[in-house]
Amino acid sequence: MKGIRYFWGKSRLILIMFSYLIFLSGCWSSRELDELGIAVALGIDKTEEGTYSLTVQIINPSEIAAEKATTRPPVTLYKAEGETLFEAIRKMTKKAPRKIYFSQLRLLILGQSLAEEGVLPALDLLYRDAEFRTSFFMTIAKNASVEDILSVITPYEKIPANKIMDTITAAQENWAATEGVYIDQVISDIRSTGKSPVMTGILLNGSEDTGNSIKNIESPDAPTRLEIDHLSVFKDDRMLGWLNEAESKGYNYIVGNVKNTLINFPCKEEGSGKIGVEILRSNAAIDAKLKKGKPVISVEIEAEGNVGEVECQIDLSKPETLQMIEQKTEGDIKDKMQLSVKAAQEVYKSDIFGFGNAINRKEPNYWKKVEKEWNAHFVETDVEFDVKVNIRRKGTNVQPVQKEG
Amino acid sequence: MNNKTISARQFMYLVILFLIGSSILIIPGPLAAGAKQDGWISAILGTVIGILLVHLYHKISITIGNKTFVEAAIDIFGNWFGRIISFFHLSFIYILAALVLRNIGDFMTTQMMVETPLQYTHILFLLVVILGARLGIETIGRSAEMFITWMIILLVFLFLSLTPQLDINNLKPMFGSGLRSITSTSLTVIGTPILEMVIFLMIYPQVKEKSKAKHAWLIGLLIGGGFLTLITLFSILVLGSDLTALNEYPIYELATKINIAGFLEGLEIIVAIVWMLTIFFKLVILYYASSLGIAQFLKIDDYRILLLPLGMGMVVLSIIAYPDVAYFESFVNSTWLPYATMHGFVLPLLLLIGAIIKKKKQESGRSRK
């Protein structure tokens, strides 16, 4: 009797261990690297029939890893159409050799016609599906079709999607006329009543015929290139138009996106010389208050910079000169912000700065009253600017190299 | 029958793990949906009410002496009525365990392994839980002591690495959603997980240092509730209340936002580890409590022979408990609170009243003699 119990005690443990083996051997839902087509860029547009047309840029792992240069392109494009986005993605398996894997996606390009029609329906899948992470930039194809942009082969960086992502990051950090926005930011802006989204545009510079051939990267000056353009303005989820460079910069000053940029202005009223100021950091604060029952937005900017370039003869050793430069820089920043607000209020009538949210934070009771027709109020809202620039240094030279006369 | 004990400190760890387990992913969404940017205040409010509940539970346990809920109920209300009360108490624990099991299954199939059928995740997970419950409360307590460090390290790491993404504007206007919606939303926290703490009445007799036990329970509640508040706060600070409410698992989404200097990315698995660890302990506590209770209910000497059959039932129950996630969401939002109040507040209160009356009777009987 004791023997049986002993045996049962031991064998039960073994049974449990065996049952583990059954489950472990299968690796359900496993995904092997050589079975996946890794997508780095996704382009979405609407066809004339109203269906979605999808273009996916997939990396060719053997080309990326190859040590010697090959003649095959580093990426492959696949296209499909479908009534829904998901259908188009699944239909792609008819053409692609592998199932497409979206976790490494770096870039989403929306066609202009889709953007003008409304992007929210297309975004649901991208935010719902567990395979999509949120770390890809949202952009809009400005002057070419999504497909043309995605087929450009880029010099320097092998994977075009990575090139665009890096360019957006670099341009945002050093030039500040653009902004890399992520999908959750866009969705949150569209859903919020107090802010409208913006997105970066992508320009195709050159001819699409040369861009999609490996010849494009055979000469140092590639004939067809991809460029990051300025910001597009949305109202709800529909694109209305584009800001120009100054307006885009003004937008970035207001929302506090400017990390590093350059400001130019002439030394004197007359003459050709110019002064360039490098802005190193800036802080923005948007505040709202009620004056006589009407909201007034005040935007406060504090920036720090260096004298970067001086083309004329001025006495840089005098503190007054630096003060003059500070004032002119402040004026330039203020002008750009005013241009930006003017464009948003008069041309597009869309609150891309989040002034509505600022009012909600400060005056929630007033906000509840105007929330529903905020866009109508936004157009009439007064905006005050207060810019303070500190120029601390002037580089390695005491005086301009320019000689008198 | 079962004279194994855990220390007050281990009990505190169990309370913390129990509170965080499964609530960590479920709670932030409904809180942000109900009270918008003030959801975290609701979490604090819920924890404060939890303090009162712990006082009640402690009071019950000293009144019924060194007995579990089931033993005490049968002792006080007699064989029949006592068993009816015990039955409800045990069914609450058992159903809660099945739901918690389903939570992990739903999470795995939604976020990580979309094609894997639910029952396989359930069976695999439950096997480990059964092993744990089989080893008894002492082992559970000691392993809690080991794993709590990991949970805290990972959560603190998550919080610290999210600091660059915090936007204080997401919290404004504070109290803007109104006091009424803050209080009504705090009911969600009270339902899951505060009222669920009633199951510790099955384990409380096994805590060694009775004098420290109440203190340990309170500290555990404060730490666990504090973590839930922080998690909700961080979700709102990073994602904003709208996206927090929009996401099925906001904290998982939160982890995808981690980006340290462009190379430390994709740390979602941290959340998954914390979630697995805490939910394992929550489940093992529930499972141990329910099998121990059922053994006492049926007057079986060793609860361990019940573990496997109960597990089979639980896999089935967890699958049929609700047909889809939408049903579960409405279940959590509308049905769970009254259900948990009934079993986590009304039944214990009944037990307390019964115990006091019985004590008075005994005392008066003694004095008459």
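The backbone N, Cα and C atoms fix where each Cβ goes, glycine too.
Feature annotations, reproduced from TrEMBL:
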- B:12-33: transmembrane segment (TRANSMEM)
- B:39-57: transmembrane segment (TRANSMEM)
- B:77-100: transmembrane segment (TRANSMEM)
- B:120-137: transmembrane segment (TRANSMEM)
- B:144-162: transmembrane segment (TRANSMEM)
- B:182-204: transmembrane segment (TRANSMEM)
- B:216-240: transmembrane segment (TRANSMEM)
- B:260-285: transmembrane segment (TRANSMEM)
- B:305-323: transmembrane segment (TRANSMEM)
- B:335-357: transmembrane segment (TRANSMEM)
Top Cβ-contact partner of the transmembrane segment (B:77-100) among B:39-57, B:144-162, B:216-240, B:335-357 (pairs under 8 Å): B:335-357
Positions on the same chain near the transmembrane segment (B:216-240), where near means CB under 8 A and six or more residues out: 8-9, 11-20, 23-24, 27-28, 31-32, 37, 39-40, 43-44, 46-47, 50-51, 54, 57-58, 155, 158-159, 162, 165-168, 170-171, 189, 193-194, 197, 200, 207, 247, 250-251, 253-254, 257
In contact by Cβ distance (the transmembrane segment (B:12-33), the transmembrane segment (B:120-137); 3 or more pairs under 8 Å): no
Residues from the same chain, set at least six apart from the ends of the transmembrane segment (B:144-162), whose C-beta lies under 8 A from its own: 9-10, 13-14, 16-17, 20, 227, 230-231, 234, 238, 254-255, 257-258, 260, 264, 267, 270-271, 273-274, 277-278, 281
Folded-back contacts onto the transmembrane segment (B:12-33), same chain, C-beta under 8 angstroms, at least six residues removed: 6, 39-40, 42-43, 100, 103-104, 107, 140-141, 144-145, 147-148, 151, 185, 188-189, 192-194, 196-197, 200, 203, 216-217, 219-221, 223-225, 227-228, 231-232, 235-236, 241-242, 244-245, 247-252, 271, 274-275, 277-283, 285, 332-333
